[in-house]
Structures are given as structure tokens and as C-alpha cells.
Amino acid sequence: MSIITTAFALSLLATTAFAVPPETPRIELQAERGLGDQSYAPWQVDCPSNVTWIRNATTGLGTGERAYIEAREKLVQPAIEQMMAARGLETPPRTPVIGVALAGGGYRAMLTGLGGIMGMMNESTEASQSETGGWLDGVSYWSGLSGGSWATGSFMSNGGQLPTTLLENLWNIDSNLVFPDDGKLSFYTNLYTETNAKSDLGFPVQITDIWGLAIGSHVLPEPYQLSNTPNLTFSSLPSVVAALGNASLPMPIIVAADRKRREAGELVIAENATVWEFTPYEFGSWAFGSQYKSPGAFTPIEYLGTSVDDGSPNGTCWKGFDQLSFVMGTSATLFNGAFLELNGTDSGLLTNLITAFLADLGEDQADISRIPNSFSNYNSGENPIYNLTYITLVDAGETNQNIPLEPLLVPTRDVDAIVAFDSSYDSDYIWPNGTALRTTYERAKILAEHENTRVLMPEVPSMNGFVNGGYNSRPTFFGCNDTTTPVIIYIPSYPWSFAANTSTYQLSYENNEANEMLLNGMRSLTLNHSVPTWPTCFACALTDRSFMYTSENRSTTCQECFDTWCWAGDDNTTEPANYEPVINSVPPWLIANNLSIGMADAPGSNESTAGTASSGAAKMGVGMGMVALTAGLGLML
């Protein structure tokens, strides 16, 4: 009997006074689900003979991704033509490759990022009226990290429904992620049943598994939530979700980073750590290593968990390791701390389960996700992970690259423009200050030293420069005249209509609060329909590279846009004052440049909150988030 099983059995005995037996014992559950191929646990399959188990990153795009992007382009092209015509702009001579990147930051990031996405959806009446709705149909790639990965997984698995529709009909984010309002026992016993089944097969199980299943039970389609059959794998999405099967949605990418152990035993999450990608087709990285970079590699994600040695399976193959909930949990291991806080609190069902995990793993392994190393003994001369049993992954936001730009910056993907949604907790009052972009730029300089591991990141100002220049309060274009890089359209969160600077650790939101978060995120992209020229300038930035424009041949309209919205290269590095934007206000830069028609003339404004400083909301948000977390921990069963 495993240590997890023993602890769980003891905790059940301690709670029988008010507990009821699990509704479905493990044996019955397996019978219900055939041979286990529909549960969270991986299942054994015959090893295929026609699979390329390792693909070197220097070979370009994988076949699955290439086919998807080719199919996507057929839908993207007419969508972009329509959006350009609506602005009176010329159709690009080639179809631009556009990406969106959603930052991390818990539910705050999920809601703010999906709000920004909603600002690009023609299904949103307000976005359509703001004349930015419809651009999502022109996007080829979508990357998400941590809370942004929850947005990615939920949006994609639900077929691209309007986020406000998901909030109304599916999400149960008003119930705490760790401490649900009701059904606690069934929730925790289901967590045990599913994770123990995976452990029984010899696969590593960690708090990430519990955390991922909890996330999935709040935002994934109901048939795949913990109370039903939590068996939705990332690789199955194109088969299960029609909108992904026919390439009607951008190709999703979820990001994590690796953690290394130095010789002295110190655990390290370096800013130049390896960035790992999960897509419906592959798992891998474009560049391996930290201090020394070498070309990376990819393996079919469908067979992740299979023991592979130098590119060949060791006789037994598996499917089902790539559960979407697990991938989302892996991208957000920072939140394992929500469960770690249970250690040492009042005895309870989940407390004993977590304690068992810690005893089995060691506390230095509690905030990680372990992936069986498919690249064992592959390219051992250059591959720095060739001798590892597991790839150890953490929340990529812990590298300070809190916007997952890197997958969209690799030369192979030929991305022309990236809409970067930033809801990071950078400042004292939980607003972004450009740290994510600056960190990626500094990392790009390191990668540039190695020809096969480059990322094409334009220069951006320092964090102080972001704040002093007001770039963290309104959209800014970066890389405008550096034609070797994509144009980055930076969309920072701003309190257009709501105090969206809530705590990263706020683990539940009332529906009306979540709705306001979505709307505010949308208005950070649409500028609350207060800048008449913005829809045209947004279109210019998204398509600029496909015209091969420079300042010498850009259209008059688009050059005027770039003169207005592009970073001019200034970088005021002096220490700025605390950034404290006012709720329901217009960013001062828009007013100073006579761009805004004023909030009173814009739709959707909420005048009742005008003049409220966001600092109070931030303090209250942090307090409420931590109170909700610690109170729930104290009241555990």
C-alpha cells in the first residue's frame, strides 16, 4: 500500500463521523470507464511503428502544426481582408501570421486575458461597436502561461465560446478553487481516486496533479470535470472540439519552464531557463539548456509518458499523460502553494493527502511538475538533459517572463505581429510595469549568441522606462521599424471601468465581479471606444510586416498611426513614483495627445466608480485573496 493510500485511509477513519462513502469506489469507476482509458490515469497502448519519437527543432515545424496552420490560413485570409476593408485599408500582399499571448496571474490573468480576447471577437456586441471585434478570426497562434493557460484551456476546450457565455453557463469560479462551497468530501475523494490511479501505474504524482484537476473542475467542459470523467487530453482536442478540428480557432500553446539543481544543491529557476511548449501535437523546446544553449527537440504529445531511449520506445507505450488539466496545472505550479499551506493545519482529508505527497516527494519537489524525459540519451554530446529521468517543470512566470512571447518569437513560426496581454503583478498596486517584455528582451540577447536558438524579440525600455513613459497604461507598438522581428502590440491591464488589480491568490470570484473583470479586460484592448483612430491603427500594426513596410514606404494612414503608437526608443530610467491609476479614467497619455473623445461619450462606462484610486482596491484584493485562502485552510474538514 502506497504512502498516499495509507494516509488517505487514515484520514477517512478520522472523518467518518460526518463523512459518507465515495459515490463510486475505484474498482467500480474503472469498470465504468472500460479499461481505464477514460480516467485521469494514463493507459497502455501498443507502440506504433510509424511515429517519429524525437524531432530536432532545427527541422522546422512539426507535421501536425504545419497542417493546422495551413488549414488555418484559408480561414484567416478572408477574415483579414474583411477587417482591412472595414478600415478602408489595402489588403496585405500575403496573409500575416498573427499571435496572441496571455500573461499569468491566476484568475485575474484568466479573466483579464479572456476579456482582451473578447475585444477581438465579433460575437461581442461591444467589441464590434468598438470596431476591433473580428480580429480573432485572423489570429493563427495563441499562447498562454499560468492563469493565461487556464484561459487557453477553457476557451479552446469549449470551442471558442464568448467568455461571458462561459461565465454564465459553465464556470463555477464563485466556488473556491481549493475549498468548494459544497461537496467537499466527494471533491477530495475524487482527487484521491484519480491521482492514486496514476500513481499506481508508476507515474510521478505531485501536488500539480491535484491542482490541475481542481482547475479543470472549474473551467473545463462539464463532461471532463472531476465529478464526471476528467480524461480530456491536449492531444485529443482537435478530435473532440470541432472548432479545433477544422482550424476555426488559433493553434493553442501552453508554456512552462524547467528548474535546475546546481552542484551545491541549490534549486534554480533562471531567467534563461529552458522554455517548454505543449501543443495538441508536440511537447518540447526550441532550445535546451540554461548556461549553454543547444538546439532543442520535440516529441509527440499523444505518447508523452512513454519511456524513450535515444529516440526509441522501451517496449511499453502510453497515452493519457497529457491530460489538459495536468498541462494547465503544470503551467501554474506557483499555485501549488495554495495546497502547501495545508501542511501543518488542522487534520483533514486533503491535509493528510498533501502531507503524504510531501513525505513521498520532499518539500523541495512540491512546487514542480515531473515529466518523463522523452529525450533520454538523445544527442548526448549537446543535449544537457540527456541523463535525466524526469524533466522538472515550473510556472514559467517564475522566470519573470510572465507573458509567453517566446513560442511566438522563434524564427520558424514566421509570426508577423503579437498582441501581448499583460495583467502581471509587477507594481505595489498589482499593475504591470513591462517586466515581462524586458526580461524576454534580455533573454533574447543571450539566445542571439547561438545561431540555432534565436528568438526575434524587439528592443523595449526598462521597467522604469515603461512606467515613466506611460507605456504600462495604454497600448504601445514595439519593433515598428525593426523588420527582423514581429511587431509587438502591448496591451496592459488598466482600470477603464473596474479595479482589475485583484490578488493573484484570489481563488474565487462572484459572477458579477468576474463579468466586470472580463469587460475591463476587453476595454483595455478597445480603449472603451474612446479613441476613434485606434481600430485603424490596430489594423495597421497587425498587418505591417506582411506589406514589408518601413517608414520609407508605409501608407500615410499607417505611418501616422506608427508615429503615434510606436515606442520612439526613449528610456527614462529614473525611479518613478508609485503607479496608481484611477478607476474609470482615461490614461493621461491619451488625453495629452488629444486622442480620446472622453469617457462620457464612450459606451459601457461606469461613472459611479469615477475618481476611485486603484491602490485601495489592490490592498483589499490582496487581503481578500489571502483571507479567503487562509480562512478556507483553517476551516478544512
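The backbone N, Cα and C atoms fix where each Cβ goes, glycine too.
Under the heading domain 'PLA2c', Swiss-Prot lists 46-572, citing sequence analysis as support.
In sequence order, SER128, GLY133, GLY134, LEU136, ASP137 are the residues near ASN122 (N-linked glycosylation site), counting only same-chain partners six or more apart with C-beta under 8 A. The annotation N-linked glycosylation site is assigned in Swiss-Prot to ASN122 (among others).
Counting Cβ atoms from all protein chains shown, ASN231 (N-linked glycosylation site) has 21 others lying within 10 Å of its own Cβ. Here Swiss-Prot flags ASN231 (among others) as N-linked glycosylation site.
Secondary structure from DSSP puts ASN246 (N-linked glycosylation site) in coil. Per Swiss-Prot, N-linked glycosylation site is recorded for ASN246 (among others).
For ASN272 (among others), the entry in Swiss-Prot reads N-linked glycosylation site.
The N-linked glycosylation site annotation in Swiss-Prot covers ASN343 (among others) and rests on sequence analysis.
Annotated N-linked glycosylation site per Swiss-Prot: ASN387 (among others), in sequence order. Sequence-distant contacts of ASN387 (N-linked glycosylation site), defined by Cβ-Cβ distance under 8 angstroms and a gap of at least six in the same chain, are SER376, ASN377, SER380.
The N-linked glycosylation site annotation in Swiss-Prot covers ASN433 (among others) and rests on sequence analysis. The Cβ of ASN433 (N-linked glycosylation site) has SER424, ASP426, SER427, MET463, PHE466, VAL467, ASN472, TYR579 as same-chain neighbours under 8 Å, each 6 or more residues away in sequence.
The local packing around ASN501 (N-linked glycosylation site), expressed as other Cβ atoms within 10 Å of its Cβ over all shown chains, amounts to 29. Look at ASN501 (N-linked glycosylation site): DSSP puts it in coil. Per Swiss-Prot, N-linked glycosylation site is recorded for ASN501 (among others).
Neighbour list (ASN553 (N-linked glycosylation site), Cβ cut-off 8 Å, at least 6 residues apart, same chain): empty. When secondary structure is read from DSSP and collapsed to three states, ASN553 (N-linked glycosylation site) falls in the coil class. Swiss-Prot lists ASN553 (among others) with the feature N-linked glycosylation site, giving sequence analysis as the kind of evidence.
Proximity of ASN572 (N-linked glycosylation site) to non-local residues of its own chain (separation of 6 or more, Cβ distance below 8 Å) is seen for PRO461, ASN464, GLY465, ASN468, GLY469, given in sequence order. DSSP assigns ASN572 (N-linked glycosylation site) to coil, not to a helix or a strand. According to Swiss-Prot, the N-linked glycosylation site annotation covers ASN572 (among others), on the basis of sequence analysis.
Annotation comment: Swiss-Prot describes ASN594 (among others) as N-linked glycosylation site, evidence class sequence analysis. Counting every protein chain shown, the number of other Cβ atoms lying within 10 Å of the Cβ of ASN594 (N-linked glycosylation site) is 7.
Among the features that Swiss-Prot reports, N-linked glycosylation site is placed at ASN606 (among others).
For 1-19, the entry in Swiss-Prot reads signal peptide.
Taking the C-alpha positions, the distance from ASN594 (N-linked glycosylation site) to ASN231 (N-linked glycosylation site) comes to 53 Å. If you measure from the Cα atom of ASN231 (N-linked glycosylation site) to that of ASN246 (N-linked glycosylation site), you get 22 Å. Each residue contributes its Cα atom, and for ASN501 (N-linked glycosylation site) and ASN246 (N-linked glycosylation site) these two points are 37 Å apart. In the three-state DSSP scheme, ASN387 (N-linked glycosylation site) is classed as coil. For ASN246 (N-linked glycosylation site), the same-chain residues lying six or more positions away in sequence with a CB closer than 8 A to its CB are ALA71.
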